[in-house]
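Data first, discussion second: the structure below is written as structure tokens.
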Ligand code: HDD
Ligand code: HEM
Ligand code: HEM
């Protein structure tokens, strides 16, 4: 069998970028949360905030580390597998990625050192500043990279001369039509992810009766946040979809499983899109609803997938189902947040085992929703790499052979499998270990020997700067 | 020529970024290479703690190198990476393992020896791969019409293996002199002990590569044995600094060995640049061929000129916060 470097590169890119995104989407939310906790501690001097901050910083250190190493891979993927694209789009993508490095990555890296190791070495205010800077850095980073990505979806402000994109308007290129929606949707997704993870872990502690005081505070905070953010995400997602309808109608048609241009389009709840036959099997839907959502009128006309010739159509089944997974999970999250509001009466959010267990079970769901969302977005634009201007095949590295791509694909899978497994393992240990007892956080125990007892809770305040975070 | 040539300014910035990366990640990769030979587990703790707060920032210079090339000299990016495809993968795999080892090693008890290995093997592979890149750069690339046309393993030749091993030795030297600076007691004694042999290894490779290079690349031969005699100052300076490393280790000075090692690097690096200048994708493309559009170079330059000094300031500040010795079993004080 001939190995296809194009298909293998696509799988590889999808794999490494999905793996990478798992971490930022969590660290972006968590960084802001840690900064908030430190700010509360700074203001009130209530040690409960400090203990929460320290605990989440430990988790953060691990997740951030994995985000960094997988991100370094990303910055070389463009060149190794998509060198034609890199050369063609360098005039725009290059400055975007470089600005990301100089404005975000250095900021994050420098202040991360202070955040993780600076306890006791720098004044409290500076430590708070470091936490804030890391949080800001994650947002700046998301800004540039999402701008670059959005530009590939809705290219603007450029001219194609001799196979190279030349920027004629930086403002239009950076703030391209899909960028505001994508940035808002992704920022919300990050906060939602952070919120559900913190809520789930706090619920887990509460179920075991550990640290009820601090964990109640944490849980309550998260649920308030989620109560606002989850419905907002649905609204933003709706606008995002409308914008996509304008710029990438084929993608929206694929999300809806809608083959022929028509009016009174139903919203399909279930279907099995068949790309060969260009139709759906077993379709179950709600009449007229898709027309209503997308055009705000019952008999609105929606262009179908078949507007695009078959070789320019995305993999419909993938887009269709990934979209349903994302929206389904989104609705579930809204429901959970509202259940939290109702259960607040009489403090049942802290006591109801069913509710707490549900929250624990939901820890992984936002990650799945995020990956599903990216799959909708990215595979929905196939076969275009730069929408309407450059296809995947045109962007591929010419010298790349099938076996080279296969070799690295398998390589990354093995490496990431080890890293991911170890990461989850150590994160579980950090969480199991929980927060430091109150005395330990403040007490001075000079015999604490970190290397030999890495997980011991007793440390000197000086050791705090390394040990509780490191161990 | 115009008033100022953006491509030359960018060559300067990228050149600065690369040497910053080599020096900064060099010493922390070097500690990884030395890791298996450390006298005991305490020493390993000290070694790792001495770089834990700064390694992420050090590695960011590599990302800047990648992104900066894509922005300013995209041809370099789009030819080097395909040409070095397998090597780049190995380097990244190495960097992944050593990067997560920082987090995982301290959290691990039973499996600690595995993370020790991940740290040392990861560092060694990454250092070797980077040395190979240097060798491949001296060798040149097979290209046609702005596209790499060579095979998957053109980068792996006896010459590049030597440069790979050379950079490993060089990084180890940076690591050992860094450790002299940051440690005390038996760890520091050990660092003093291993520095001279490492330096000799570096000088041997230095000699081999210098003699071999002119045969690998005709242009380089002309450059060194043609009329531009002035450039011999660079290897001479590098040798002078090598001597200073020897002497300062003998006198048991604490910071001089590290500083003098930086001197060796800077002058070797300058020597390498003058060998190829202005070729940036040897043997076919100059830095002007490889440049991106002037408006892109300018757009980024404006930001970078503002931001790089700020970055240097807060990087210096973090090093200042974590200055001083790292003690066994204590972490930072
Ligand atoms: C919405 C957010 C987002 C998205 C879509 C991406 N990243 Fe990312 N990336 C981040 C948000 C982020 C971050 C929050 O800034 C990280 C996560 C952990 C970290 O260290 O910073 C990061 C780390 C990170 C690093 C390491 C930075 C360092 O050395 O400190 C690199 C090189 C990249 N990313 C590059 C990429 C590339 C090339 C991407 C696209 C293909 C990409 N990221 C997608
Ligand atoms: C933000 C910067 C991003 C850029 C510049 C980018 C760019 C690309 C490119 C070049 C491809 C080509 C390969 C292909 O489509 O087959 C691709 C595909 C893909 N990307 Fe992105 N991407 C980005 C972010 C993400 C993120 C964060 C994710 C999600 C986790 C993601 C998920 C995917 C998936 C699933 C594919 C495969 C689609 C397919 O096979 O058709 N992307 N992306
Ligand atoms: C509940 C209702 C939701 C709706 C209506 C919605 C809508 C959409 C649409 C239309 C897209 C594709 C945009 C495009 O590429 O053109 C998208 C992408 C995405 N969604 Fe959602 N979404 C919802 C919930 C969520 C939730 C709960 C999450 C995660 C927590 C999420 C995360 C994402 C991500 C990460 C992307 C890809 C990045 C992007 O294009 O913005 N979505 N969403």
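Just so you know, glycine gets a Cβ as well, placed from its N, Cα and C.
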Of A:125-146, A:147-168, which span is tagged transmembrane segment by TrEMBL? A:125-146
Listed range which TrEMBL flags as transmembrane segment, given the options A:403-427, A:428-452: A:403-427
Going through A:53-76, A:218-236, A:318-342 one by one, which has the most CB pairs that fall under 8 Å from the transmembrane segment (A:403-427)? A:53-76
By Cβ distance under 8 Å, which residues at least 6 away from the ends of the transmembrane segment (A:125-146) in the same chain are close to it? 24, 27-28, 31-32, 34-35, 38-39, 42, 53, 96-97, 99-100, 103-105, 107-108, 111-112, 114-115, 118-119, 179, 182-183, 186-187, 190
Proximity verdict for the transmembrane segment (A:12-41) and the transmembrane segment (A:354-376), three or more C-beta pairs under 8 Å: yes
Sequence-remote contacts (6 or more beyond its ends) of the transmembrane segment (A:318-342), Cβ cut-off under 8 Å? 192, 196, 223, 226-227, 230-231, 233-234, 237, 251, 254-257, 268, 271, 273, 349, 355, 358-359, 362, 365-366, 368-369, 372-373, 375-376, 379-380
